[in-house]
Amino acid sequence: MAARLILLLLLAMTLGPLAQAQGWRAELPQKPNDSTAHVAVRAELSTGGGAVAPGGSLVVAVVLEHDPGWHTHTQAPVVPPALGDASLYIATAVAVEPDPGAPLAAHAGFTAWPEPEVVEVAFLDEPVDYAVFGGVGVVYVPVTVAADAAEGVYPLAVAVTLQACDDTRCMRPVRGATLPLEVEVKAGAASGTPPPLFDGFDPGVWAEIHAGTSPAAAGPAGGVGLGFFGRSVRVDPAGWAGFAALLLLAASGGLLLNLTPCVLPVLPIKAMGLAAKADSRGQALAAGLLTGVGIVGFWLALGAAIASLTGLDAVHSLFQRPLFTLGVGAVIAVLAVGMAGWFTIPLPRAVYAVDTARGGWLGHLLLGVMTAVLSTPCTAPFMGSAAAWATTRPAGVTLAVFAAIGVGMALPYVLLAAFPKLVAWVPRAGPGAAAVKQVMALAMLAAAAYFVGAGLLALGARAAGHAAWFAIPWLLVAAAAVAAWKAWRHARGRAWPVVFSAVAAATLAGAAWFSFAASEDEPIDWIAYEPGVLERLAAEDRVAVIDFTADWCINCKVLERTVLFSDAVSGLADGGVAFVKVDLTGSNAAGEALLADAGRVAIPALLVRAPDGRVTLNSEAYTAGQVVDAARRASDAHRRP
């Protein structure tokens, strides 16, 4: 019963927060980057006729009407090198999503896009020719009705993603704006002659759809840009090959999450659990698969929560909920104390079901969930961009991308389980095993202090939260010291004792540096973000460096210390550059909205914004040189006549 309660508690903390048809016209709710209130693109939906018979078909036409001088990026932007980072350009996307259970099927692969036009733009430096959608463009999405469809009116949701620009600036992107449409299904309904609006649609598509032809040749459905430390790549997810490439990149991001400091506390537990089963390859493989199921299950639950609009709109949202972080910290602390053998009172046998080293299968599943939970305050290359793109797509695509992240993250555990001899060196009995458990327990207590501190900070108790975090480096020092002491007592030879002593000395030096750095004043005079701040800075003709951060975000703090606090970047303030901090430690609706406008669902993230609203850098992993160069381009482009 106790094991079940622990599992239910963790799952509750994880999943609880996850806790007329012919036409329609609307002005897309765009918010320009500058203070000018202007709607540059209007959308109109039409099905071109009346009711549709069961087994029939219809075409959803999405008419994009651009104001003179304005345009949108194509569904797969081809960005000339002179226009900078391709990942900054938001591809136009249209997704037709029938209600669940509706007898309608949208064939996105056969979407027909308007012909682009070439315009001259000067977003950054010299004018460059660039292909865009302009004027009046029509996007056609074919939809079929099931042969056994019952009569009735069925709703459709048409999600539109786009970014409007003129020749020198771009508005904030619109991501997944949902426009309503209804389709009436009626027996005996006759299809009439479609209106002129549908002259651009090729009816030959229907034969391909009914024949089951692959839609890969039907044209791209958009692209997603992925950038990392100055390198960018755009993946076109149209067709199976493109979508598979995107899933592979998402899985790569999940795999790299295992190298972040957020996940490291779990690795010792898994090593002990697999070492206990090293003599049985079958048991070890089952343990690894259960851990993988827990990891993938968590990411699927997170993706489902984001896709279902339950109020969880970012990967890091869980860390803004104090109950969640405090609860996870308590669970990790209990597991740490149990691993070290520090329990002084007898506990129910069910508690040991979550001890992977004692053979508890439930423990391996729970370990997978906890591993994924621990990873959420960190991001890895490609993961953040892929997740951000997925949240603007239909639910099935969202779940597939989040599942790929989970599969990539679970892969090392499954591989280690398939080859348990790789961890056979971990002692399973005697003084060596006891020493390993005690060292691991101290490291896990450091992780528990991190979660408790995050929870206290989210509650607004900053002094208590920072006090909890002050204990983290000294718990790690204690772990390293115990490892060195045990090595001198039990190891054969002098090599390992010397190695562990060196590690202990380095850990002590690191803890001392951390304590000193934490008390040192930051070299940047931050401006706290609130609505109106960017408009005020624009009126002052100042470039803004916008840092999305949180006290619990380890990656954020590393980038701040190593990049933003460097002399090259912090010195930009001498030239009038403003540094804006968007603090997402706790609930911050305005900050989350700005993060969403930037096309991000995870932090860290950094924007460099010119006074006229154009963004010259939008990245989750960046260098000092990139920030300095982006600030220069933002200033030069704005001042160019």
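Note: Cβ is positioned from N, Cα and C throughout, glycine not excepted.
Features as listed in TrEMBL:
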DOMAIN    505-640  domain 'Thioredoxin'
SIGNAL    1-21  signal peptide
TRANSMEM  240-264  transmembrane segment
TRANSMEM  285-311  transmembrane segment
TRANSMEM  323-345  transmembrane segment
TRANSMEM  365-389  transmembrane segment
TRANSMEM  395-419  transmembrane segment
TRANSMEM  439-461  transmembrane segment
TRANSMEM  467-488  transmembrane segment
TRANSMEM  495-516  transmembrane segment
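Non-local neighbours of the transmembrane segment (395-419) in the same chain are 97, 243, 246-248, 250-258, 263, 270, 274, 281, 284-289, 291-293, 295-300, 302-304, 306-308, 368, 371-372, 375, 383, 386-387, 389; each lies 6+ residues outside the stretch with a CB under 8 Å from one of its CB atoms. Across the domain 'Thioredoxin' (505-640), the model assigns an average pLDDT of 85. When DSSP labels each residue, the domain 'Thioredoxin' (505-640) comes out as 67 helix, 24 strand, 45 coil, counted as helix, strand and coil in that order.
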